[in-house]
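Taken from TrEMBL, the feature domain 'Major facilitator superfamily (MFS) profile' covers 27-476. The annotation transmembrane segment is assigned in TrEMBL to 20-40, 82-101, 113-132, 171-192, 204-223, 285-307, 319-343, 350-372, 384-410, 422-446, 452-472.
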Amino acid sequence: MAGGFVVEGGPVTGGYNGRVTAFVVLSCIVAGSGGILFGYDLGISGGVTSMESFLKRFFPDVYQKMREDNKVSNYCRFDSQLLMVFTSSLYIAGLIAAFFASKVTRTLGRRASMLIGGTVFLAGSAFGGAAVNVYMLILGRVLLGVGLGFTNQSIPLYLSEMAPPQYRGAINNGFELSISLGILFANVLNYFVQKIHGGWGWRISLSLAALPASFLTIGAIFLPESPSFIIQKGNIEEATNLLQRLRGTPNVQKELDDLIAASNVSRTIKHPFRNILKRKYRPQLVMAILIPFFNQLTGINVINFYAPVMFRTIGLKESASLLSAVVTRIFATTANIIAMVVVDRFGRRFLFIFGGIQMILSQITIGCILFAQLKDHGGMEKEYAYLVIIIMCVFVTGFAWSWGPLTYLVPNEISPLEIRSAAQSIVVAVLFLITFFIGQTFLAMLCHLKAGTFFLFTGMLLAMTAFVYFLLPETKKVPLEQMEQIWRRHWFWQKIIEEDMNSREMS
């Protein structure tokens, strides 16, 4: 297979001992809960922007178009630059914060970034819940973005470093499961609070972001640092004791030796962002940029941001649209759990490709239904509206066991320690940058391209599935410290690495 790799004499293995101990599980549950922050925000922002009381107070032009102007196209009712700024301002703040988080994570530790992120997110939830005007609302979104920049940069890195190699995929996928649970909780909450008389239910939705933020912030105080960071600080004995607790065995010398060797290389690197640009790290840089880039071009945040808005567009009422968002998220959460079970058995490539094909077929089907059934004016027959919901469930399921969890896992696990923090910052920055772009343009794109929007996403999905097939090698069960071997055996990347080695030998 073009994208695969062969290791002479058998698969790459680390020879590490250990199992998944209760200590590992507890530490990763606390850290992984940071994903709930991200998920909760994704679900809440889409839900409150479909609530009439929220729109009437902060976005009266959208409310007016939705309620009274029958001359406005179905595809354009929610097209508002200010509404898109509310949704996407968080992501530009997160993009900038991710680069500061890299420095904090590398020098002060993974826990420090989690603590900072949780604390700032708490402040953002307070501003959002107490907002009296749109400026206060957007300030709260910016603070939420700063918090997410820190947590999304540090948590996937922490999970990869704490997990045993043979279970790294399952444990790291717990972060995506937490995101999905956060979205589900937000969708359920939105459904109930929109029924509150007086129209202030959106305040509950925005302010309850403080709950997961408090859990993460308090929990991070008691978390151990990762063995990799402890070794970077020169505390070998402490790292040995921690590894023995994490692996449930005293026989951790092989893993410890590999971590020490990786740390020794890492100490020679003073400027990780400059270093990752070197030719020897070209595979890691390409994956750190293109995997999160493609993640957003699947069209998933059309569902995450705007699922209730989309369901309003195809003719469902306020309550039904919010309930439909809950249903699609239940399917996604179930798929996240399945991904945790199978990712270390079937591998990353299989899930990427299988999920990609599933999403391609879903986007084509949704585009065809909307093209045929949803015109500029008038509603869609309920049978077709519910068919769209079913296909959206198929779509989010495909994402939830492929590009969703693997976007955080793969760039992290393929990066050596000396560039790992920088690579994760690039992942988060690209993710937030493209999310910002989608958030700023989707409603306008839907207004102008109409059903063609979904065919555009189909083309992107075809490109990214081909990218995985040809250029991403399999990484399941390969220890982090031995990941370099997979690139040396890949049909494409080995040429680049060999050219780099030859040029260094000649110089």
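Using the three backbone atoms N, Cα and C, a Cβ is placed for every residue, glycine included.
Here the structure is a predicted model, which means the values were calculated and not measured.
Contact count against the transmembrane segment (171-192) (Cβ pairs under 8 Å) is highest for 204-223, out of 82-101, 113-132, 204-223, 350-372.
Summarised as a single figure, the pLDDT of the domain 'Major facilitator superfamily (MFS) profile' (27-476) averages 87. Sequence-remote contacts of a segment are chain residues at least 6 beyond its ends whose Cβ falls under 8 Å from one of its Cβ atoms, and for the transmembrane segment (20-40) they are 110, 114, 117-118, 121, 147-148, 151-152, 155, 158-159, 162-164, 167, 171, 174-186, 208-209, 212-213, 215-216, 219-220, 222-224, 245-248. Residues 156, 160, 168-169, 172-173, 175-177, 179-180, 287, 291-292, 294-295, 298-300, 303, 307, 311, 314-316, 324, 327-329, 331-336, 338-340, 342-343, 348, 351-352, 354-359, 361-363, 365-366, 369-370, 373, 427, 431, 464, 472, 475 of the same chain lie 6 or more positions beyond the ends of the transmembrane segment (384-410) yet place their CB under 8 Å from a CB of it.
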